[in-house]
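**Student:** Starting off with a structure, shown below.
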Amino acid sequence: MLGRSLREVSAALKQGQITPTELCQKCLSLIKKTKFLNAYITVSEEVALKQAEESEKRYKKGHSLGDLDGIPVAIKDNFSTSGIETTCASNMLKGYVPPYNATVVQKLLDQGALLIGKTNLDEFAMGSGSTDGVFGPVKNPWNYSKQYREKRKQKPHGENEDSNWLITGGSSGGSAAAVSAFTCFAALGSDTGGSTRNPAANCGVVGLKPSYGLVSRHGLIPLVNSMDVPGILTRCVDDAAIVLGILAGHDPKDSTSVQDPVKPFMLPNLTDLSKLCIGIPKEYLVPELSSEVQSLWFKAANLFESGGAKVIEVSLPHTSYSIVCYQVLCTSEVASNMARFDGLEYGYRCDIDVSTEAMYAATRREGFNDVVKGRILAGNFFLLKENYENYFIKAQKVRRLIANDFVNVFNSGVHVLLTPTILSEAVPYVEFIKEDNRTRSAQNDIFTQAVNMAGLPAVSVPMALSDQGLPIGLQFIGRAFCDQQLLTVAKWFEKQVQFPVTQLQELIDDHQSFKMKS
């Protein structure tokens, strides 16, 4: 049951094959068994079971609220959840319990979803490994999969097996791991420069970053207001479309959300690809790209071509400036957003009471980790009166050029761009931490952050397993607000590649509850 898609499990609930409470308990027991993955910061067991009870009453009366009624979902711990601690994986917000729900959380609850827990992340979502939060790093479920273990056996390795575990990517690594390990059916992440697509690629799940403005940001604790988007992590493209249909639409509490009414996103099955034009950006073929990812990328292009689509090479000429531009804008907005954490109204406050200034300084010194402090310092440097024109304003202009690159390509008749999501498969933690957070983020956001600066929709879809038995995902980028078209193309691709299910039997002794549908 746990390996099924949203739609399948929803049908099973409607037919009474399983009750919401049973489903919830299965997920909760699996969360306990996979605790060592560190995917969850808070497991909201009581809340979820109470919601399941309510859901059960509705099903008995035949009044189900929709596809998500009675279905366990997880929420990244930078979305406000009323009555449930929301920490952003930082000491600064340890013990903070929001008085309200983020709009996206509320929308899920209104549909009868069960809030099973809050997932782990990099502190304040700053990072690309899910290794820098105060609750420790998240481990990749594929590390324990049969596919990876069998490949490992063939290689001689003297090192301690346990110290060589793989990262999930980030910053929404907890959500990606939660979905990948079957502990929930969908999870919310956030995506500022790739934070949903990156862990999706590392964990072999679907990671959707909707168009900027399509989904409300109200209650998502902000990192970069002009780029943040709530992301969706699921095990298949159809499931992501179901969740997007529920979340999309105008929110009076978010002035940047779209004004037009949004229809549910039902994805048609593509049969005729002859009218479809796929673009391959030549600037994305970088020397750092692993040969395996590169060959799968080209293989995917051939797949579309043989399916009847037109596949052309395109140019996004300002790509090389993109990551630098992103870092200037990102840190500048971070510096501004982080000013609210001062120890006065909520969150952590230090014991120093010499003066308000001393209290501010000590609170921020003790509350934030070095990564967050580093980004605040960099951002404030770019925003200094003498630097503002040379850095911030210049970066805004470059951002416009980057967005225009995409506009030009889409105006030339291209419908969807096909690119890698990240440079390689998941790497071991010990490897990953050899470089600092900033360097790693710059490397890992290379294919993803330009999409955030341009406000476009993008989705990472798992394609195949590497020689090591680890998932490799590819990214599809769509025209602004053409999320449905993007997902329709992604769904066709997903059907062609038939990505394998994670086999986690060895991870859990009691794998009877884990019988995947064959």
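Placed from the backbone N, Cα and C atoms, the Cβ positions cover glycine too.
Predicted automatically and left uncurated, TrEMBL annotations should be read as such.
These came from TrEMBL, pasted as-is:
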{"type": "ACT_SITE", "residues": "Lys76", "note": "active site, charge relay system"}
{"type": "ACT_SITE", "residues": "Ser171", "note": "active site, charge relay system"}
{"type": "ACT_SITE", "residues": "Ser195", "note": "active site, acyl-ester intermediate"}
{"type": "DOMAIN", "residues": "25-145", "note": "domain 'Amidase'"}
{"type": "DOMAIN", "residues": "166-487", "note": "domain 'Amidase'"}
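Any idea what these are sitting next to in the structure?
**Tutor:** Using a 10 Å radius centred on the Cβ of Ser171 (active site, charge relay system) and all shown protein chains, the other Cβ atoms total 38.
Residues in the domain 'Amidase' (25-145) partition by DSSP class (helix H, G, I; strand E, B; coil) as 47 helix, 19 strand, 55 coil.
Confidence across the domain 'Amidase' (166-487), taken as the mean pLDDT and rounded to a whole number, stands at 96.
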**Student:** Looking only at Cβ atoms, how many others are within 10 Å of the one on Ser195 (active site, acyl-ester intermediate)?
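**Tutor:** Other Cβ atoms found within 10 Å: 39.
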**Student:** Under 8 Å Cβ to Cβ from Lys76 (active site, charge relay system), same chain, six or more residues apart: give me those in sequence order, or none if nothing qualifies.
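**Tutor:** Those within reach of Lys76 (active site, charge relay system), by Cβ under 8 Å and sequence separation of 6 or more, are Lys118, Thr119, Leu121, Ala125, Ser172, Gly174, Ser175, Ala187, Leu188, Gly189, Ser190.
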**Student:** Sorry to bug you, but what's the C-alpha spacing from Ser195 (active site, acyl-ester intermediate) to Ser171 (active site, charge relay system), rounded to the closest Å?
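**Tutor:** Roughly 5 Å, rounded to the nearest whole number.
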